[in-house]
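The next block holds one structure in the form of structure tokens; read it before the comments.
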């Protein structure tokens with residue numbers, strides 16, 4: 001394995017691919033809800049339903065993508081195929097401006113590509129290191145930070161291109177980014193020769209009437225068509241129900257097979273953390289839907305004579321995550337003293353509290369809009385930044401707990417279940433919540449008048465809902481704190 005003095009050379013090609021994948025995914029995501037409502041003239045109900053269905057299914061398909069990589073394709077081929085599908089999907093999405101029937105197919109292709117890419121790029125990175133290599137953690141941190149760079153730049157670049165040229169050009173820029181990442185990755189192909197490749201024996205093995213490579217081709221053709229039908233008929237919720245039922249059944253099986261009380265206790269903790277994470281992300285994912293439309297309709301986006309494109313506001317969250325994450329890493333050191341469970345609940349309370357504070361600021365912004373016609377941009381930026389800061393106290397804490405569990409062979413499964421619930425189900429619930437803002441009336445000329453009161457109500461309800469979650473978490477935190485203190489007093 002060729003290395004520099006610090007990291008394997010191959011990591012820089014993986015990091016480049018990750019930057020451009022984030023650029024592609026978040027650039028398109030920043031435009032999607034605005035494209036549906038402003039260009040295709042979907043009503044808010046339809047737009048929210050399709051947006052939440054798309055954001056939900058991108059968290060379901062990585063389960064199948066991981067299986068295909070493990071059994072047939074290998075991580076490297078799965079990542080390349082996924083990147084290619086996402087690029088094609090973004091190009092087809094641009095064509096839907098003149099042929100709306102392409103909309104569902106394009107989103108389905110992106111979902112399939114994301115499934116092959118997302119679950120396997122981290123596994124490919126892991127293949128670059130020996131199990132005990134001390135550089136491993138640094139490599140994953142580098143990839144995560146690089147991804148945030150892509151998600152910061154993407155809404156700015158794609159939003160600007162869309163505003164100055166066209167929607168098709170905005171989506172094409174996302175596709176170009178993904179192609180650029182794939183080309184860079186292919187240029188470093190010689191550095192990945194030691195990683196697992198395609199399982200030729202398994203691909204050529206016959207099953208039923210066809211070899212496995214034939215069934216793989218059938219899957220690559222039919223899966224996008226099937227998912228497109230789910231989008232078209234708004235049947236995505238049924239796929240989520242099936243996936244959730246399977247995930248919960250697997251979780252119950254793991255719990256029943258746990259051998260010690262400590263293992264069962266850790267599993268119960270993970271389940272409760274996942275429940276609060278689900279609620280947190282149902283609130284946080286308003287950023288791409290209801291909050292985006294609120295900014296577009298009710299926020300003064302002018303800086304002198306220039307009007308800031310709505311999509312650019314999607315960069316604030318990612319920027320806050322990266323900046324605050326670096327500050328926290330520098331200022332805060334994990335204490336080895338005290339009870340870890342107590343610390344976990346303290347962090348969750350802080351994360352949910354910050355989410356409540358962020359939506360409180362948005363509620364003030366909406367009330368300002370109701371009083372003066374439009375709200376100020378700095379108030380909006382502050383609210384989004386606080387919400388981004390909140391993320392640092394939820395997912396990293398929950399994922400850390402999952403990786404610590406002392407049950408062999410279940411970490412990957414539990415991670416998948418966590419992503420299913422806090423990703424797919426949370427995005428579906430986010431769509432249900434966002435739909436409450438879709439109240440509108442029509443004036444005499446037939447123009448739509450959107451209700452600012454609906455946004456005030458929803459933002460206020462989320463503020464109080466997140467605050468209620470904080471109250472419950474603080475009760476749990478207090479219970480564990482008193483339990484630890486009682487135990488210490490008994491020992492003394």
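Glycine is treated like the rest: Cβ placed from N, Cα and C.
Between the stretches 117-137, 138-158, Swiss-Prot puts its transmembrane segment entry on 138-158. A Cβ distance under 8 Å defines the sequence-distant neighbours of the transmembrane segment (138-158), meaning residues of its chain 6+ beyond its ends; these are 6-8, 11, 14-16, 18-28, 30-31, 121-122, 125, 128-129, 170-171, 173-174, 177, 311-315, 318-319, 321-322.
Here the transmembrane segment (14-34) has Cβ contacts under 8 Å with residues 47-48, 51, 54-55, 79, 83, 86-87, 90, 93, 110, 114, 117, 121, 124-125, 128, 142-143, 146-151, 153-155, 157-159, 162, 167, 170-171, 173-175, 177-178, 180-182, 184-185, 288-289, 292-293, 296, 310-312, 314, 318 of the same chain, all six or more residues outside its ends.
Residues 26, 29-30, 145, 148-149, 151-156, 159-160, 287-288, 292, 295, 380-381, 384-389, 391-392 of the same chain lie 6+ residues outside the transmembrane segment (312-332) yet bring a C-beta within less than 8 angstroms of a C-beta in it.
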